[in-house]
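What Swiss-Prot records for this protein:
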type	residues	note
ACT_SITE	ASP647	active site, proton acceptor
BINDING	ASP38, ASP94, ASP96, ASP102	Ca(2+) 2 binding site
BINDING	GLY330, GLY331	substrate binding site
DOMAIN	5-124	domain 'C2'
DOMAIN	273-818	domain 'PLA2c'
Amino acid sequence: MESLSPGGPPGHPYQGEASTCWQLTVRVLEARNLRWADLLSEADPYVILQLSTAPGMKFKTKTLTDTSHPVWNEAFRFLIQSQVKNVLELSIYDEDSVTEDDICFKVLYDISEVLPGKLLRKTFSQSPQGEEELDVEFLMEETSDRPENLITNKVIVARELSCLDVHLDSTGSTAVVADQDKLELELVLKGSYEDTQTSFLGTASAFRFHYMAALETELSGRLRSSRSNGWNGDNSAGYLTVPLRPLTIGKEVTMDVPAPNAPGVRLQLKAEGCPEELAVHLGFNLCAEEQAFLSRRKQVVAKALKQALQLDRDLQEDEVPVVGIMATGGGARAMTSLYGHLLALQKLGLLDCVTYFSGISGSTWTMAHLYGDPEWSQRDLEGPIRYAREHLAKSKLEVFSPERLASYRRELELRAEQGHPTTFVDLWALVLESMLHGQVMDQKLSGQRAALERGQNPLPLYLSLNVKENNLETLDFKEWVEFSPYEVGFLKYGAFVPPELFGSEFFMGRLMRRIPEPRICFLEAIWSNIFSLNLLDAWYDLTSSGESWKQHIKDKTRSLEKEPLTTSGTSSRLEASWLQPGTALAQAFKGFLTGRPLHQRSPNFLQGLQLHQDYCSHKDFSTWADYQLDSMPSQLTPKEPRLCLVDAAYFINTSSPSMFRPGRRLDLILSFDYSLSAPFEALQQTELYCRARGLPFPRVEPSPQDQHQPRECHLFSDPACPEAPILLHFPLVNASFKDHSAPGVQRSPAELQGGQVDLTGATCPYTLSNMTYKEEDFERLLRLSDYNVQTSQGAILQALRTALKHRTLEARPPRAQT
């Protein structure tokens, strides 16, 4: 396990707590009325038991033949931690010697209703669908073990880790091997980070395993020959098993490997405690770096507001309204338009009034490029705009030249050597970098902190979605992942890592293997991953209407209302979660529709972490929970080895979730929408989504006239909800720009051609797939976006005054009392 650098994450807002472990005894008694798949005989049933919080532990009863009423009466023991969500999975299988064993049924049971010292007998049934029943007894007993040290934010729990150091000494071995064959020792520790490690005999070798301290597990090992690739000797020769619980921390134990043809092989074992400090920051509040940035930025914003609104006094820090830019996706169109919007804000002296700057998909290309310059908002934006125009107008044939392809290959090979899992998305990253820059850009997300040191720029927030790699479409399972120069993490779990560690390997919140931070282009490929769309998502996009999307959100809301995520002592919902297996054909078809062959894969920094006993009822978790899987800990992201990150626009074309993190509390949002049609659709979807989660969002109710002929700027608010920010929405429309070269300046006949911007025609140059613009097309789109913001100056200033008034009223009472 690697140590944190001095620049690692700050201390956790939640202190460690000691909690006792318990022994759970599960006795599988009998089953009744089992159906069988074999037409010629009854079932040959057995039961598999797994506990979501005991990784690597799987128990199996004996198989009973030809019976629909098996009686096992077998007991199994788990060591459990009561502060985590312990869900027992019981599965009855019908053994088949020819084909794969058939599953009869499966039940998930939350054991929180098992009271200490009281025997509980449960009968699990499949009614009303079937008559199958399974009788099981549960007994919870206290152990004499010392309490376990936990770190938790009440959603995620980091448990205590131990390290097992294994030294293989085979230098004195006189191994008898035929035909120069080599003997290899394989060591397995189920549930550990490493799982399996191997070494050839003949040299001294050292291994280290990281495993959960409160885990009833064992180290197993075998010798095998390299030539035959099979186990050496019979089933017992060269095989060893070492239970880890009896090992004394800090005490070395030496043992011989029982291999008749390799005498003298010894293992030296030593268990040690792992450092308690986490590399993953657990907490829903803003990190210390962002809080310090906010204090610095408010000084800049206060000065800008005083000048823009012509105030006669300086603002106090608690009076400064928080303004955010919320940019949508749209490929090169979004990139170009965003430059125009920012240019207009700079001309109006309003860019320094902005504190947060969020984006997704194509808008992140603008953001990533600008933040390569620590002083970008203080410099003339015409420079970056010329740069973007030059590269967007150039031919893209060079991007696929033999020389470039060879350079891509070398870069991908280097990434693989560094430990990054390489996918097609990484190739897309290099192609995108070549398109937008024409050269290798040695910039990283952590380097953008230089642009925040004095509060001289807004804080950039990049959004992505984590989805299931297979079997579920984006609408049914998605988790927001936020990237900032300070941290990368999940809004839903309250778990974050510094950007330097994104892509590194973690286990139970500890850094296991540090991998170099990726260059910014590889993150841009994640944020704008146009290749991650699975077939079911594509089918939905092709066949759905806006109304069906609304219905989807409403259905999800009703589902949450009918089946709340908060669990009672009876755990009735989990008890009823009978998972019926589909046919092989159905599963194959589902996999075909939902597979993501071109998704991006990143090591999961949540790997090994567990869910708190009351995670479902935590406000911050339930805010972002929206699927049945959220009540099944074994199906959530901490159980996955890798993240599957995709473009957030595949769900809603919005970057709004970042605006609702606790501690940010925006007063005014400038919404820049880059859709070519339906200028209010994404915003209305966002309102539905936010309201379903209890997030304060203004009412988005454009008039029929505005729907038919949208203006440059629309104001939305909700007087009934003071917590909801004011929202100024800027759709991508060509309204008065057709006739005006600047606000209030009518175009001359010679200038009318410059006002013709084709946004909807059959020859529109701004389609999502187009990455090459003519210079005049780039210029028209840029000037249109610039104009639309400048002509809305009055609306922006009035919204700023209203936001300032609200903040000032909130700030006055505490001062008045002093």
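A Cβ is built for glycine as well, from the same backbone N, Cα and C atoms used for every other residue.
When Cα-Cα distances from ASP94 (Ca(2+) 2 binding site) are compared across the recorded positions GLY330, GLY331, ASP647, the shortest belongs to ASP647. Looking only at the recorded positions ASP96, ASP102, ASP647, the one with its C-alpha closest to GLY331 (substrate binding site) is ASP647.
The binding-site residues listed here are ASP96, ASP102; among them, ASP102 has the most other Cβ atoms within 10 Å of its own Cβ. In the three-state DSSP reading, GLY330 (substrate binding site) counts as coil. Mean model confidence for the domain 'C2' (5-124) is a pLDDT of 87.
Here the Cα atom of the residue listed as 'active site, proton acceptor' is found 11 Å from that of GLY330 (substrate binding site).
In sequence order, SER337, SER361, GLY362, SER363, ASN653, TYR674, SER675, LEU676, LEU732, LEU768 are the residues near GLY330 (substrate binding site), counting only same-chain partners six or more apart with C-beta under 8 A. Under DSSP, residues within the domain 'C2' (5-124) fall into helix, strand and coil as 3 helix, 60 strand, 57 coil.
Every protein chain shown contributes to the tally, and the Cβ of the residue listed as 'active site, proton acceptor' ends up with 26 other Cβ atoms within 10 Å. ASP647 (active site, proton acceptor) carries a strand DSSP state (E or B).
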